[in-house]
C-alpha cells in the first residue's frame, strides 16, 4: 500500500459521500483507504457499445490503475447484458439495442486497447466480470424487487428522461431498468468504490441504495471530469471528430496532441499524464510538445514517440512544408457537416469533388500526417479542424483556420 494519497485527488471531480477530515471509514474514502485491513474492490463498468476507446475514456481507466498500484482490486465489469439496452444518461432519444455478437466483438477490442493502461499481470489486481453472469438469470420476482426500490418520479428526474418526457419523446420501460441493473452490478460484485464520469452520479447512487437494500455496506462514488475535445468546446467524441483514439498510430496521435488548445493543456496534463504540474515548461509550445510526447509514449513506447515527434517536425519544417509557406483556408467558406471528399475539394487545392474522392481512395490525402481513407467520413463542425493541415500528394498543402 502507498502512504501518499495525492493520487486520489488528482483529476478527481467529486467523491461521495465524503468527509475527508473524518476518521470514520463509512463517510471518508481516505479513512477507508488508510484503514488498510484489506484490498478494496474498485468497480468500473463499461458497456462496449462501440469498438474504439479515446483519450476521454482513458481518464477513468488511469484512475482505476492508480487504485491497482495502491494495492486494490480493480473489478472491471463488461456490460454485455446492459449494453444491449445502452445507458440512456443524457440521451435525447432511445438507444439502438445491440446484439450479443456486437457486444462480444466490441468487448474484445476494448480489452486489447486497455492493456497499456491497466495492470493485467499482477495477481489479485484485476478481476474481469461480465454482468450477464448475474443479470441474465434474474427472475421476475427479483426484477420486481429491484423496481420496487425506486419511484417513477426518481427515474424521471434522471438526466435525459425528463427532457424526453416533456417533449413527448418516447421513454421506454426497459430504459428505466438500466440504472437498476448497473446498481445491481454493485451488489453482485460487492464493490467498495465505483468510478464514473460526472454524468454517472445518479447511477452510482442507485448502486449505493441497492447495496443498502440487500444488507451490504454502500460503496463510495468517485467521479471524474468529462474531457473536452480538441475543438476546445465540446466533450471528446468520435462522432464530433475532436478525439484522439487509443488505437491511432503514433504520428497521428502526436500530431493531434501537439495542437491541443492552450486553454486545455493544463487539464490534459492533469488528467492524461503523471507529470509534475508545478514543473511544466513555461513556453506554451514546449508544453504542447511535452504533452504529446508523454501521451504517445504511454501507448506506443518512448522510441515510437520520439520518432513521431521527429516526423511531425519534418512535416511542418521540411523544405516542401515550411510552416510559413503553407497557405491558409478559412473554414467559414465550407458548409458543415462536410464529407471528406467535399472538404478536400473546397479548400483551394484545385481539386474537383470526383478528383478529391479518387485521391482519398488512392491514399494520397493526409490530415496532419494521417491518411484519410474514407471519402465519406463526415466532419461535423469546423472547430475540430482548426489549425490542421491537409496534404494532397507531396506538394499540395493547406492549413485550415477559423
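A Cβ is built for glycine as well, from the same backbone N, Cα and C atoms used for every other residue.
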Item checked: Per Swiss-Prot, the range holding motif ''HIGH' region', considering 48-57, 58-67, 68-77 -> 48-57
Margin query: Please identify the range among 230-234, 235-239, 240-244 that Swiss-Prot labels motif ''KMSKS' region'.
Written below: 235-239
Notebook entry, point to check: Mind checking which residues reach the motif ''KMSKS' region' (235-239)? Cβ under 8 Å, same chain, six or more beyond either end.
Noted result: 50, 52, 54-56, 226-229, 245, 380
Margin query: What residues elsewhere in the chain lie close to the motif ''HIGH' region' (48-57), defined as a C-beta under 8 angstroms and at least 6 residues from its ends?
Written below: 78-80, 83, 86, 95, 98, 103, 105-107, 109-110, 113-114, 226-227, 229, 235-238, 243-247, 272, 295
Notebook entry, point to check: residue 238 (ATP binding site) has how many other Cβ neighbours within 10 Å of its own Cβ?
Noted result: 15
Check: Taking every residue in the domain 'S4 RNA-binding' (338-402), what is their average pLDDT?
Finding: 87
